[in-house]
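Quick notes on the structure that follows.
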Amino acid sequence: MDTRPKVSSLLNRMANYTNLTQGAKEHEEAENITEGKKKPTKTILTAISMSAIATNGVVPAGGSYFMISRALGPEFGGAVGLCFYLGTTFAAAMYILGAIEIFLVYIVPRAAIFRSDDALKEAAAMLNNMRVYGTAFLVLMVLVVFIGVRYVNKFASLFLACVIVSILAIYAGAIKSSFAPPHFPVCMLGNRTLSSRHIDVCSKTKEINNMTVPSKLWRFFCNSSQFFNATCDEYFVHNNVTSIQGIPGLASGIITENLWSNYLPKGEIIEKPSAKSSDVLGSLNHEYVLVDITTSFTLLVGIFFPSVTGIMAGSNRSGDLKDAQKSIPIGTILAILTTSFVYLSNVVLFGACIEGVVLRDKFGDAVKGNLVVGTLSWPSPWVIVIGSFFSTCGAGLQSLTGAPRLLQAIAKDNIIPFLRVFGHSKANGEPTWALLLTAAIAELGILIASLDLVAPILSMFFLMCYLFVNLACALQTLLRTPNWRPRFRYYHWALSFMGMSICLALMFISSWYYAIVAMVIAGMIYKYIEYQGAEKEWGDGIRGLSLSAARFALLRLEEGPPHTKNWRPQLLVLLKLDEDLHVKHPRLLTFASQLKAGKGLTIVGSVIVGNFLENYGEALAAEQTIKHLMEAEKVKGFCQLVVAAKLREGISHLIQSCGLGGMKHNTVVMGWPNGWRQSEDARAWKTFIGTVRVTTAAHLALLVAKNISFFPSNVEQFSEGNIDVWWIVHDGGMLMLLPFLLKQHKVWRKCSIRIFTVAQLEDNSIQMKKDLATFLYHLRIEAEVEVVEMHDSDISAYTYERTLMMEQRSQMLRHMRLSKTERDREAQLVKDRNSMLRLTSIGSDEDEETETYQEKVHMTWTKDKYMASRGQKAKSMEGFQDLLNMRPDQSNVRRMHTAVKLNEVIVNKSHEAKLVLLNMPGPPRNPEGDENYMEFLEVLTEGLERVLLVRGGGSEVITIYS
């Protein structure tokens with residue numbers, strides 16, 4: 001029965017979709033009120049990118065995290081989301097500290113708990129007061145947020161009204177200053193600004209009872225309180241004390257003096273450039289107003305930037321919005337336009353109304369600690385004080401509301417396991433546990449108590465979030481993914497890229513070391529999520545980018561075959577499955593991982609015999625089994641399963657069709673059919689030889705591992721030993737390259753390479769060894785070279801016996817129908833006569849299909865033979881190749897003799913080797929000789945623990961050139 005939903009029911013569910021958390025019935029339309037409080041970035045570019053992403057489908061809880069994670073994947077989303085969460089949480093601490101500073105300095109100074117008459121200890125006492133009151137304010141705000149978002153929205157209305165009144169008061173005061181500026185004197189000595197905190201009058205002398213007496217200012221600059229015999233500071237003597245208007249007003253023209261930047265180092269005296277001053281230095285007196293910190297554009301950006309990070313305030317609460325797709329773009333962009341106008345107009349008005357020395361006086365020392373903006377405003381400074389206080393409280397509440405929801409969204413996605421507990425919430429949807437963690441982290445920021453220390457790292461986290469929002473929008477636009485259909489149309493990838501570049505530049509302009517710290521934190525979170533295996537498929541842009549990059553790379557690879565210098569074995573590993581769909585020889589995968597060391601292409605293939613329609617489920621189960629085994633053996637590659645009616649056909653399909661474009665395998669790896677002599681079914685070893693023939697026809701290299709169960713696992717490491725290479729014919733360099741690649745893995749790293757070659761009677765063994773050593777030197781391969789001489793000898797009785805056994809058995813199996821008992825008896829006879837032949841291996845002849853390759857095959861012993869072998873087959877190959885030409889009886893005897901003699905030499909030299917590599921010729925022309933082919937190779941490799949038979953693909957794979 002078809003259980004798929006009807007179209008009508010599907011549309012009904014989509015139309016009634018809500019992103020509100022269950023039980024959150026108290027969310028109100030008042031959400032949009034808070035949008036007007038959000039602050040702009042330096043540019044509106046991030047808002048444009050965010051609007052495009054927000055309107056590209058439903059945005060549930062999580063806001064910016066949801067946008068980034070669904071566009072760039074769980075790793076980027078989790079890393080940037082957590083950093084943004086920390087930034088928002090510390091921003092709450094910063095806003096609370098700002099509110100406490102206003103409260104203690106301008107509203108109720110007497111409420112300070114810690115006091116100090118010592119000016120040096122006064123700052124420390126202030127920090128302690130901020131810690132105590134900040135903690136109390138944090139507890140109150142957390143309680144408000146805990147009760148519910150409805151009350152936060154009610155407070156938001158009050159806070160917004162106070163902010164609007166404060167802004168209007170500044171504009172009114174600026175206009176009033178053009179015709180009636182407020183009385184706001186600043187005392188100057190020459191062009192230097194004096195602190196008014198400890199002086200009684202702005203003069204060197206004062207009148208008391210009609211008598212002129214020195215003022216307090218005199219005593220600070222002179223060593224005596226008397227006019228006579230007093231030694232005074234040289235600058236004090238030559239310059240007059242004057243009083244200037246701190247707020248000259250809009251019509252004063254002071255804007256021309258404040259128009260250009262003037263950054264000063266720490267400890268520099270704040271001076272008025274246009275004031276008259278004698279050209280004397282004088283001493284540095286503590287009654288001057290000094291620069292408290294070395295200022296620069298980058299520093300000021302870092303301190304100021306957190307005040308404009310409210311761009312994400314609406315998106316952080318996307319889960320509480322009725323229509324996030326509509327509210328986020330409209331609210332964010334209008335808020336940015338509004339606040340941008342307010343910020344820029346205030347900057348212009350301050351520069352046009354207020355003296356530069358007052359603007360640079362951070363702590364108000366020159367104006368007795370009075371609030372400059374409050375003095376400028378109309379009708380009362382208290383409008384600004386109260387407005388600023390409620391503004392910072394409101395911003396803190398917004399941060400404490402948005403940050404827990406952001407953390408809850410991350411926790412619910414379960415990409416960071418230990419955060420799972422913070423995904424729980426109350427019945428009304430409030431993230432209780434996330435709120436508690438947010439409060440604890442905010443408390444750490446309050447204990448720091450210094451705004452200047454907290455602000456720069458906040459800037460890094462926010463800028464990183466904005467950077468990835470822009471990146472997500474640009475990536476989705478450039479990839480043109482079918483699902484990228486935002487309702488917001490006023491975006492372009494170039495604008496997003498520009499916003500991303502500006503964010504990155506601001507990070508390093510503000511503070512390069514804080515930028516690096518933020519990136520390291522994000523990188524650690526990224527790698528942790530990647531390590532934990534965030535198995536989330538969200539259709540993110542990184543996957544789309546990977547597909548585009550893969551397509552581009554594949555098209556490039558298709559342009560031509562790889563150069564010899566770039567050749568590496570791209571493996572197709574053929575695995576055999578048992579009846580339970582388990583891999584029979586997992587060590588074959590282990591060997592592949594050791595050979596590849598994570599580099600290049602590895603395809604693991606297998607065949608299930610049957611009908612695809614009936615065996616599809618088995619194929620999926622087998623594929624999962626192989627993938628788990630690949631993961632366990634640390635094989636980085638792909639799995640390919642084929643369902644075919646016949647095993648040989650399935651293997652042929654794998655060899656022909658695996659890979660894509662230029663990313664195809666060039667080497668086939670397979671195991672030897674163990675126990676082929678004792679098997680009642682000849683299909684196993686016939687399938688093996690058929691695979692060899694298909695590989696040869698496809699001009700692919702072939703690696704056959706014999707005794708694969710004895711090969712080392714990845715946890716076994718040889719502390720010593722040899723990898724022996726028996727170089728009989730030239731195969732394009734495969735025998736030279738393979739041991740070098742194996743030694744890159746830790747299992748084989750401490751093994752030494754030994755290369756053996758066989759000399760005939762007419763060869764010069766000494767010259768052969770020199771030539772081979774020179775060849776290896778040019779190949780940059782360190783190996784010990786040895787030339788083995790094989791002399792003609794009489795054919796032994798053992799050789800005749802082995803040949804006769806082989807031929808008689810073949811004839812019997814070919815012309816008679818043996819009963820099972822007789823087959824078992826014959827198999828046992830062969831086993832008893834040769835107890836060492838327990839496993840099977842391959843050796844073969846050249847066939848007609850490989851004639852082209854034969855022209856390249858040559859003995860490698862001398863340079864002369866290399867040239868001579870290109871026109872004809874080398875005579876010295878006759879012994880080895882004739883071994884495999886299945887001709888008359890006497891010919892078989894001769895080949896068996898060569899196999900026995902060569903095996904004796906190999907076993908004598910390499911019986912203790914950790915691995916032996918041998919040339920593997922192709923299969924015989926006549927299929928009737930297949931069984932003899934198997935027998936000869938069995939004789940050739942008997943008595944060796946681990947053998948790798950190697951057959952080249954017909955091309956050079958190693959070169960002496962750089």
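Every residue gets a Cβ built from N, Cα and C, even glycine.
In TrEMBL, annotation is done automatically, which means it is predicted and not curated.
Feature annotation from TrEMBL assigns domain 'Amino acid permease/ SLC12A' to 43-175 (among others).
Sequence annotations record features per position, and here TrEMBL assigns domain 'Amino acid permease/ SLC12A' to 294-572 (among others).
Within the model, the domain 'SLC12A transporter C-terminal' (586-704) shows a mean pLDDT value of 86, rounded to a whole number. TrEMBL lists 586-704 (among others) with the feature domain 'SLC12A transporter C-terminal'.
Annotated domain 'SLC12A transporter C-terminal' per TrEMBL: 718-962 (among others), in sequence order.
The transmembrane segment annotation in TrEMBL covers 44-67 (among others). If one looks beyond the transmembrane segment (44-67) by at least 6 residues along the same chain, the residues whose Cβ comes under 8 Å of a Cβ in the stretch are 17, 19, 21, 77-78, 80-81, 84-85, 311-312, 314-320, 324-325, 328-329, 332-333, 336-337, 340, 402, 405-406, 408-410, 412, 465-466, 469-470, 472-474, 476-477, 483-488, 490-491, 495-496, 498-499, 502-503.
Under 8 Å from some Cβ of the transmembrane segment (79-109) lie the Cβ atoms of residues 62, 64-65, 68-69, 126, 129-130, 133-134, 137-138, 141, 306, 309, 312, 316, 369, 371, 374, 385-386, 388-389, 392-393, 395-396, 399-400, 402-403, 406-407, 409-410, 416, 438, 441-446, 448-449, 451, 454-455, 457-458, 460-462, 464-465, 468, 518, 521-523, 525-526, 529, all in the same chain and six or more residues away from its ends. Among the features that TrEMBL reports, transmembrane segment is placed at 79-109 (among others).
The transmembrane segment annotation in TrEMBL covers 130-149 (among others).
Under the heading transmembrane segment, TrEMBL lists 155-174 (among others). Same-chain neighbours of the transmembrane segment (155-174): 30, 33-34, 36-37, 144, 182, 250, 342, 345-346, 349, 352-353, 373, 376-380, 383-384, 386-388, 390-391, 393-394, 397-398, counting only residues six or more beyond its ends whose CB sits under 8 Å from a CB of the stretch.
Taken from TrEMBL, the feature transmembrane segment covers 288-308 (among others). Listed as Cβ neighbours of the transmembrane segment (288-308) (distance under 8 Å, sequence separation of 6 or more from its ends, same chain) are residues 39-42, 91, 94, 189, 192-195, 261, 263-270, 339, 343, 357, 360-363, 365-366, 451-452, 455-456, 458-459, 462-463, 506, 509-511, 514.
The feature transmembrane segment is assigned by TrEMBL to 328-354 (among others).
Outside the transmembrane segment (433-451) by six or more residues, the chain places 86, 89-90, 92-94, 96-98, 101, 127-128, 130-131, 134-135, 138-139, 142, 145-146, 303, 400, 403-405, 407-408, 411, 421-425 with a CB less than 8 A from a CB of the stretch. According to TrEMBL, the transmembrane segment annotation covers 433-451 (among others).
The transmembrane segment annotation in TrEMBL covers 457-478 (among others).
If one looks beyond the transmembrane segment (490-507) by at least 6 residues along the same chain, the residues whose Cβ comes under 8 Å of a Cβ in the stretch are 42-43, 45-46, 48-49, 51-52, 301, 305, 459-460, 463-464, 466-467, 470-471, 473-474, 477-478, 515, 518. The feature transmembrane segment is assigned by TrEMBL to 490-507 (among others).
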Of the residues in the domain 'Amino acid permease/ SLC12A' (43-175), how many are helix, strand and coil by DSSP?
112 helix, 0 strand, 21 coil
